[in-house]
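Quick look at what TrEMBL annotates:
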| type | residues | note |
| --- | --- | --- |
| DOMAIN | 8-46 | domain 'Beta/gamma crystallin 'Greek key'' |
| DOMAIN | 47-89 | domain 'Beta/gamma crystallin 'Greek key'' |
| DOMAIN | 136-178 | domain 'Beta/gamma crystallin 'Greek key'' |
Amino acid sequence: MSNMNMRGKIIFYEDRNFQGRHYECMSDCADMSSYMSRCHSCRVESGCFMVYDRPNYMGNQYFMRRGEYGDYMSMMGWNDCIRSCRMIPMHRGSYRMRIYERENFGGQMHECMDDCDSFMDRYRMSDCMSCHVMDGHWLMYEQPHYRGRMMYMRPGEYRNFREMGYGGTRFMSMRRIMDSWY
């Protein structure tokens with residue numbers, strides 16, 4: 001199996017430290033409740049995934065790459081558990097995103113091709129409320145230096161973060177999901 005065709009694999013466990021019933025996932029899963037009633041630990045064997053605390057890729061998001069997460073609940077400070085997950089495909093090639101100060105691509109616009117640890121420091125931009133991802137897969141963070149709540153951005157237009165359920169969230173930094181993370 002070549003790296004280009006590499007598939008991800010994540011195993012969810014009902015209890016902490018990889019105990020109890022488990023569910024193996026190698027693609028997107030919109031609702032895990034039919035497979036298990038709770039999930040308190042997981043192991044990423046290959047690939048990268050976004051996990052969500054609500055079904056249908058909604059709610060809080062967390063990025064997971066290869067490794068073991070024996071008690072991710074306390075690590076993330078979540079009250080609930082993983083309810084859905086999305087496999088992030090590996091991207092080779094250039095990265096390009098336009099970020100906008102206002103909704104519907106209004107206000108200041110900056111084209112980004114690499115990580116940015118602070119929109120304010122680099123662009124003198126205090127808010128980012130919409131974006132257009134042309135190439136690559138990205139993570140946007142609510143605080144500078146890649147901290148706080150995050151949102152997974154794949155190629156496409158994102159006209160209004162508020163309508164996506166990020167009402168009070170201001171995104172202040174972003175980074176590329178690199179193939180070296182797989």
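In case you wondered, yes, glycine gets a Cβ from its N, Cα and C as well.
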Kindly state the mean pLDDT of the domain 'Beta/gamma crystallin 'Greek key'' (8-46) in the predicted structure.
92
May I have the DSSP-based helix, strand and coil counts for the residues of the domain 'Beta/gamma crystallin 'Greek key'' (136-178)?
3 helix, 20 strand, 20 coil
Per DSSP, what is the residue count of the domain 'Beta/gamma crystallin 'Greek key'' (8-46) in each of helix, strand and coil?
6 helix, 21 strand, 12 coil
